[in-house]
Amino acid sequence: MISPFLVLAIGTCLTNSFVPEKEKDPNYWRQQAQETLKNALKLQKLNTNVAKNVIMFLGDGMGVSTVTAARILKGQLHHNTGEETRLEMDKFPFVALSKTYNTNAQVPDSAGTATAYLCGVKANEGTVGVSAATERTRCNTTQGNEVTSILRWAKDAGKSVGIVTTTRVNHATPSAAYAHSADRDWYSDNEMPPEALSQGCKDIAYQLMHNIRDIDVIMGGGRKYMYPKNRTDVEYELDEKARGTRLDGLDLISIWKSFKPRHKHSHYVWNRTELLALDPSTVDYLLGLFEPGDMQYELNRNNLTDPSLSEMVEVALRILTKNPKGFFLLVEGGRIDHGHHEGKAKQALHEAVEMDQAIGRAGAMTSQKDTLTVVTADHSHVFTFGGYTPRGNSIFGLAPMLSDTDKKPFTAILYGNGPGYKVVDGERENVSMVDYAHNNYQAQSAVPLRHETHGGEDVAVFAKGPMAHLLHGVHEQNYIPHVMAYASCIGANVDHCASARSTSSPALGPRLLPLVLLPLSTLF
C-alpha cells in the first residue's frame, strides 16, 4: 500500500522544483555564455610545449552517465542542487570520445581496453599487454605477441613512473602497464591452470616485480598475491580469504626489496599511518599495499588503515616530481566499476567523486605548461538516471511520478541489468518500502543478473596541457597513448622532438611543431 503522502509529494514535486533566483534573469545565461566564449577563443593559442610529465586518470567504468551523476552528487555533497556543479574534469579545455570495443568484443572488458589505452594496440577481451594474436587462457599464444606500454616507454626515456589504483595492483588496468598475460585473472600462480604453468607463463604479480623492476611508485591493494599460500595477513589475521595465495612459495615483497640498489631509499608500507609518515623527499621507491585484495570503497574506508585515492596521488606526485626528466603516472579509480557491477550506484558515484578530487589535487601540484593530464574511462555501464526528475532532486532519490503501468514509484537511477532485479508477490518491488538511500542499495534492473554488465557506448576523454588538442574528436581507444607519447617525446615516434628542441627558445623550453605531425609509428 503506497502512502497517500508519498503520492502527493511525487505529484507536486515538479511544480515546487527549486530554481535559483539568479537563473530567472536571462542576462545570467547570456553572461555565462559570453564568458565561456572568451575562454574558448583563448584556446586558439595552442600549448605545443613538450610534456615533461604525463598523468593519466582512468575511471574504470566511468561512462558519460556516471560522469553526469557524479557531477550532481558532488554538488549535492556541498549542499547545492548539483546540476550546475563543475567536476575538475569538466574544466579541461579539450574533450574527445573514445571507441572502446575490443578486437573480438562489441562490449569490452577492462583488460583489452587497458591494452589499448596504455600499449597503443587493440586486443582481445580478457588479455593484457599482448596483441590480438593472443587468445584468452592460451598461454602458448603469448610469446612473440607481447606489446609494451607507455609506462615502459617513459621509464626507458629516463623518467620516473608510478601506478596508483583502488583495485589490486595486479588487476586489469594496472597490469597492462607492465605485464603480458593471456588471462587477466592470473593474479598469482594459484589462479593459473597447470597447463599454463607448465608452458612457462608467469602470473601477473610475479611480472609486476620482475618485468619492470624499477617502477618508482606502486600503490593499491593486492597483498595476498605477493605471499606464499596460507601466509597470515598482517591486518586480517583471522580471515582465511586474506591469506597468501602463492603456490611457488615466493615472498614477492622481499624480492621487490632485494631488487633495489642499496644507496636508494625503498619503503614498503601497508597502512595509511605509515604512508603519511613518510618524507617523500627521502623516498626513491615506494610500494604500498593496503588491502589483501581490492581496496575498500571510499564510503567504507577505514581512515586509520586505508589512504584515500587523493592521498595516494599526492604522495606519488611528491616522489615522482623529483626527477628532472619528468614522470608518467597512471591513476585508476577502479572501484567505480565494482560498484556498478554490484548494482550499488551510491558506492560507484562516491568513488567517481573521490577520483575527481584526486584530479584536483594533481592539478594543484602540477602546471599545464609542462604536464599533460588525460582523464578517461575504459568502458561504460548499463547505468542510467531519468524519470523527469526536477532540479535539485537527490541523485539517489525517486522520480516524480508513479509508473503508469504498475502504479509503483521508482528511483531515478536504474540499471539495464544486474542484481537489483526483484519480484515481490509476482510484481516489481515497491521501492518506497525499502531504504533506497542506503550505501549498499542495489538499484532496480530490467534483467536479472548476478553482476551488472558493461555498456558498449563511447566514453569521454578529457585533456589539458601540452598537445592536449590532439584529443579532439572521435578516436579509436588505442590512439590515446600515441598522443601522450608524442606530446612527451618518448617511445618510437620522436623524430619531431629533435628539431623542436634545436629551434626552441631557452626561456620557453622545448616546443613541438603542431603542424608537422609525422606518421604515428607503432610503439611496440
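In case you wondered, yes, glycine gets a Cβ from its N, Cα and C as well.
What TrEMBL records for 1-17 is signal peptide.
For ASP60 (Mg(2+) binding site), the same-chain residues lying six or more positions away in sequence with a CB closer than 8 A to its CB are SER110, THR167, THR173, GLU332, GLY333, GLY334, ARG335, ILE336, ASP337, ALA377, ASP378. The Mg(2+) binding site feature in TrEMBL is assigned to ASP60, HIS171, THR173, GLU332.
Annotation comment: TrEMBL describes ASP60, ASP337, HIS341, ASP378, HIS379, HIS454 as Zn(2+) binding site.
For SER110, the entry in TrEMBL reads active site, phosphoserine intermediate.
Each of GLY61, ASP109, SER110, ILE336, HIS340, ALA377, SER380, HIS381 belongs to the same chain as ASP60, ASP337, HIS341, ASP378, HIS379, HIS454, is absent from that list, and has a C-beta within 8 angstroms of the C-beta centroid marking the Zn(2+) site. SER110 (active site, phosphoserine intermediate) is surrounded by 27 other CB atoms, counting those within 10 A of its CB over all protein chains shown. Note: the CA-CA distance between HIS171 (Mg(2+) binding site) and HIS379 (Zn(2+) binding site) rounds to 15 Å.
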